[in-house]
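So that you can see what the record holds, here are the features copied from TrEMBL:
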TRANSMEM  91-108  transmembrane segment
TRANSMEM  159-176  transmembrane segment
DOMAIN    197-336  domain 'Peptidase S54 rhomboid'
TRANSMEM  210-231  transmembrane segment
TRANSMEM  237-257  transmembrane segment
TRANSMEM  264-283  transmembrane segment
TRANSMEM  295-316  transmembrane segment
TRANSMEM  323-341  transmembrane segment
Amino acid sequence: MFCFSQVNRGLGSQFLQNLVKISHIPDGVGTIARSRTWDSMQVYSNFVQCTRRSFIREATRSAQRRQAFRGTLLQGGESPHVPPSRLLKPFIFTVAFGTGSFLAVSVWEYETARGRAKNALKSFSGIPWFKSRVHDKRNKGLLQNVREWWNTLSPGERVFVPICAINLAIFGLWKVPQLNSFMMRYFCSNPAARAVCWPMVLSTFSHYSFLHLLANMYVLHSFIGAAVNAVGREQFLGLYLSAGVLSSFTSYAYKVLTKQMGPSLGASGAIMAVLALVCVAYPHTELSILFLPQFTFSAGSAIKAIMAIDLAGCLFKWKFFDHAAHLGGALFGLFWCQYGIEHLWPKREHFLRYWHQWRSR
């Protein structure tokens with residue numbers, strides 16, 4: 001994280017040698033000139049020594065800060081060896097959080113429909129509601145401008161904006177040095193860390209590098225519109241949250257089995273689920289690469305190639321990306337598109353019946 005330049009220890013001594021060479025004053029020159037030259041050499045020697053000590057001290061402090069930052073997870077309870085039994089708790093959390101996410105968005109869908117129905121009844125119920133609407137229109141301000149801008153967004157963009165805002169906020173927290181230990185502990189997923197459950201969720205919205213954040217948000221923005229149109233706003237959020245946790249668990253399992261511990265963060269796993277969903281739902285859609293629009297390929301071919309690369313990354317243990325998380329997210333997106341939309345999502349109706357009865361009391 002932190003970098004510093006090495007101190008060139010020979011620079012000062014070489015300059016002193018040159019100074020000593022030119023300070024050999026020929027005979028006949030007064031002693032005052034000799035003493036001044038000698039004093040100048042001593043001043044410069046002291047300056048070089050002080051500067052050298054300052055550089056070495058700063059380099060040592062930078063190295064210590066870097067070592068402390070890298071050792072944050074170790075201080076948080078990281079173990080060099082993680083048995084497979086440690087995956088039980090993250091597995092239970094993955095199932096519980098995924099199920100809870102879909103139930104929560106189902107309730108959100110129900111409450112949204114209920115609110116719209118009430119508003120529709122109010123529109124025919126009398127003057128007070130109409131007067132309140134007129135009063136709201138008269139009081140135009142910043143909030144009204146934001147509301148008007150929000151209404152111009154597409155359904156996909158209305159989902160993208162909050163997700164992007166959360167990612168940007170967490171990215172800003174990474175830039176606060178005092179929070180580095182906290183961020184490493186709760187916003188990086190690592191099966192060897194003390195906290196293993198909630199970081200599976202929080203790391204999905206966490207980016208340390210701005211380039212990483214920019215790339216992920218660009219891809220998400222490119223595919224979120226088609227995904228929301230295919231499954232709806234509520235189902236998409238359930239898919240996104242569940243895929244984020246599932247991809248983190250896949251990363252956990254891979255790291256434990258291969259004994260390659262290390263922190264991971266980023267929305268790539270959840271975005272891979274969105275990408276897989278869109279590519280399977282619209283396999284004949286033509287895609288292109290940024291800055292290379294002349295090269296086009298079908299969405300079906302794209303997801304196959306991406307998953308093949310991630311599979312190769314897992315087999316050959318490439319470490320530049322978390323290929324296991326990518327592959328887990330993509331597989332979940334394929335599963336949900338082929339089975340979840342038709343067979344699992346409709347089952348929420350049983351839960352909503354109980355919810356409706358409870359709300360109607």
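Note: Cβ is positioned from N, Cα and C throughout, glycine not excepted.
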Integer average pLDDT (0 to 100) for the domain 'Peptidase S54 rhomboid' (197-336): 93
Distal contacts, the transmembrane segment (237-257) - CB-CB under 8 A, six or more residues away: 82-84, 86-87, 90-91, 93-94, 97-98, 101-102, 104-106, 159, 163, 189-192, 196, 199-201, 203-204, 227, 231, 264, 267-270, 272-274, 277, 314, 322, 324-329, 332-333, 336, 340
Structural state census, the domain 'Peptidase S54 rhomboid' (197-336) (DSSP three-state): 101 helix, 12 strand, 27 coil
